[in-house]
Amino acid sequence: MSQNKTAAQIVAAARSEQKITTPELITNLFTDFFELHGDRVSADDAAIVGGLAYFEGRQVTVVATDKGKTPKQRVAKHFGSPEPAGYRKVLRLAKQAEKFGRPLLAFVNTAGAYPGRTAEERGQGEAIARCLLELGQIKVPFITIIFGEAGSGGALAMACGDRVYMLENSMYTVLSPEGFASILWKDSKRADEAAEVMQLTPTALLKQGAIEGVIAEDADHTKTLAAIRAVLRRELANLENEPLAELMAKRYERFRKF
Amino acid sequence: MKLFEEANTLQNKQVKANKAAEQKVPAGLWIACPKCGYEIFHEDVGLFHECPQCFYGFRIKARERLTWLVDSFEELDSQLDTDDPLNFPGYQTKLTAAKQKTELNDSILTGIATISGQKCALAIMDPYFIMGSLGKITGEKLTRLFEKATKLSLPVIVFTASGGARMQEGINSLMQMVKVSNAVAAHSAKGLLYISVLTDPTTGGVTASFAMQGDLILAEPHAMIGFAGKRVIEQTIHQKIPDDLQSAETVLKNGFVDAIVKRHEQKKYLARLLKFHQGGGKTDVTE
Ligand SMILES: [Zn+2]
């Protein structure tokens, strides 16, 4: 378990090539995945994969960041860092989920929103702000699984719902440990030290009340998948039993306490 | 394979890069406008601290803004104090210095104001309080203001100025973005007006939350408005970006700002907008 790992080791494991991938998660957790493309405004951002699927027989909407596997995919997907069109796709699919009364399941592994020129021109800040304003209010259960990196506002935009769980080897930060070290000590090489100070591990975040739980991870991905499946099954059952007013009030309180 | 340096996914950097803009206008000296280069004698920046040539609004403390903006102001939550959630080395010293410099308990001033006779809830961020970064208390004061305005059916005006997240508070800083957004949503659901006024600089997590959530989004001339820092962008795309990519004027052209309003015209402008939406809440269609 992660208790034995240092924060720096968790950072390395979160970014590891052995990490479970978005296609693996989607193929194994769901059946009949229909991928849906585009934000209906300007583009289809490959960094976000989204669509319809069955989870253990019930209809759900799935949105996920995807870092890609091949070099070509990684370029197209900006290594999993969404552009504004990606966040607008997430919001579009979430509103569709709300219309049809389906839960929203989000999977996050991103260093952060893509910091590019066109991203600025197309309103990266506005795209995330709108997710926080509107995605945070969708009237269906909304669960997020962080399975690698979750960097800053770009991850938060997909983690503003009812439950957030993290895989054992994942991190959730306000900025990267390298960025943190270079600001604080003017030395990005002190990232390992920064990782300790930042309290970015799942255990530390659970203690701070930022997440609901930590999911055990195994080198054998089928075991990790089974653990994720169990969490989703349990939490969907919990959330679907809640009257809407209570669901929304608890969601407000989930963030109000900070 | 790295497409961009993770070391630089930080928004604060761009604010630091613009050193000239951080300089306060020193008494008895000449200063060059950081936007147009115009040489101004300090007395000539006037009450509004703006460049007489390009109307750039110099960075000012939150309390200075009150002097020309409001008729009356009743401050709220001035005694709240951050609990330093990460027990962060050196943070207390930094906070003490920031408090002395700005006469604030954190990076935002909140209260109930009247502007030309119109009552509203008003928040002003202070770029001199740890670069206007978004801390727990910043978020708490703003959330309380929106909650109060929702209860009292008041419009809200927020002047933003921020380098982004408060890294010394870790995840707590990030959570403020959702906390405030939820309060904005509740205020909006009641049909109440929210005007954000983006001042130099508005970046990072503040741009990516309440700055961009106004029903009406105004900006000061030449204010830097963006999400990522200039250097981060250039390192990511391996190209130089134009200096005006994140200027208020470009952001307006790209469709993300309603209007640019010079500082000396803001009081009148805001009063007119408040009057237009008078009565708060939704317009009664039976009238
Ligand atoms: Zn000027």
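Heads up, residue numbers simply count up from 1 along the chain you see.
Heads up, the Cβ atoms here are built off N, Cα and C, so glycines get one too.
TrEMBL entries are annotated by machine, without manual review.
Per TrEMBL, the feature domain 'CoA carboxyltransferase N-terminal' maps to B:29-287.
There are 24 other Cβ atoms within 10 Å of the Cβ belonging to B:C51 (Zn(2+) binding site). Under the heading Zn(2+) binding site, TrEMBL lists B:C33, B:C36, B:C51, B:C54.
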Listed in sequence order, residues with CB under 8 A of B:C33 (Zn(2+) binding site) and six or more positions away: B:E39, B:I40, B:C51, B:Q53, B:C54, B:Y56
Average pLDDT across the domain 'CoA carboxyltransferase N-terminal' (B:29-287), rounded to a whole number: 94
